[in-house]
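Please read through the structure below; I'll follow up with questions.
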Amino acid sequence: MQPSIRPAVAAARRVATSLTPLRTAAIRPLALAPVVTPLSNNAFAPRPFSSSAAVLSSAGGLPLPINLPKWLAENSHLLQPPVNNYCVTNEHMTVMIVGGPNARTDYHINGTPEWFYQYKGRMLLKVIDEDHDSPTKPFRDIYINEGEMFLLPPNVPHNPVRFANTVGIVLEQPRPEGSVDRLRWYCQGCGGQVHEKSFHCTNLGTQIKEAVNAFKEDEQARTCKKCGTLCDVVPKQTS
């Protein structure tokens, strides 16, 4: 080997050696986000993907897509009141399948947007919209029909009303550290605020259910301080 090219050959060998760990790392399979499944006490715990949710491809790596009609045929019993939701995953994004009818009268308020898609039937999203000009201001009804999607901005009080034999998908972002979610109830008599529950959201599937059930059992919290009306805990179903 000529002396003039020896330094270049040595440098090339050093670069090739340094790239070996990168090539090895590049072929490692990606870790799977866990799926959460309800325990006997309605709490949620992570579990690996299975045939009822998503399955590994034959080559490993990322899971295969979920067949939603098949999932519903096998797992619709998991959509239970009062919220009727099942959290498919809450690792990098909270993805929920939601059925109906539900049993909620609370208005949820969170600092991140929510994406709604109606797979089957239509739903009613009750919101507080101070800028909407209507006789019922600030209360407003937004119907999301089958096949439609809707992006709700952050910090908008909203009450999702689910009807029987309907299915929707809801996507939510992870909460920033220190953020607070709120559930607020309004009086069906005078429209005033009746009660509010605040919490840092770590498990949307369980925390909303706990707050809704606690409010249902607390008659004092349900009583409007302005007009004395006892706040409803089950929505008046309309379609």
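Yeah, the Cβs are placed from backbone N, Cα and C, and that goes for glycine too.
Curation plays no part in TrEMBL annotations; they are all automatic predictions.
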Given that TrEMBL annotates H108, E114 as Fe cation-binding, name the residue from H158, H195, H200 that shares the site.
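Answer, per TrEMBL (Fe cation site with H108, E114), from H158, H195, H200: H158.
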What does TrEMBL list, out of E148, E172, as binding the same substrate as E114, R162?
E172
Rank the binding-site residues C224, C227 by the number of other Cβ atoms within 10 Å of each Cβ, and give the residue at the low end.
C227
Can you tell me the three-state DSSP label for C227 (divalent metal cation binding site)?
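Assignment for C227 (divalent metal cation binding site) reads coil.
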With a radius of 8 angstroms around the mean position of the C-beta atoms of H108, E114, H158, what other residues of the same chain does the Fe cation site pick up?
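The answer, listed by sequence position, is Y107, I109, N110, L125, L152, V156, P157, N159, P160.
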Are any of R104, E172, C224, C227 (the binding-site residues) within 10 Å of E114 (Fe cation binding site) when you go C-alpha to C-alpha, and if so which?
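Among R104, E172, C224, C227, the ones whose Cα sits within 10 Å of that of E114 (Fe cation binding site) are E172.
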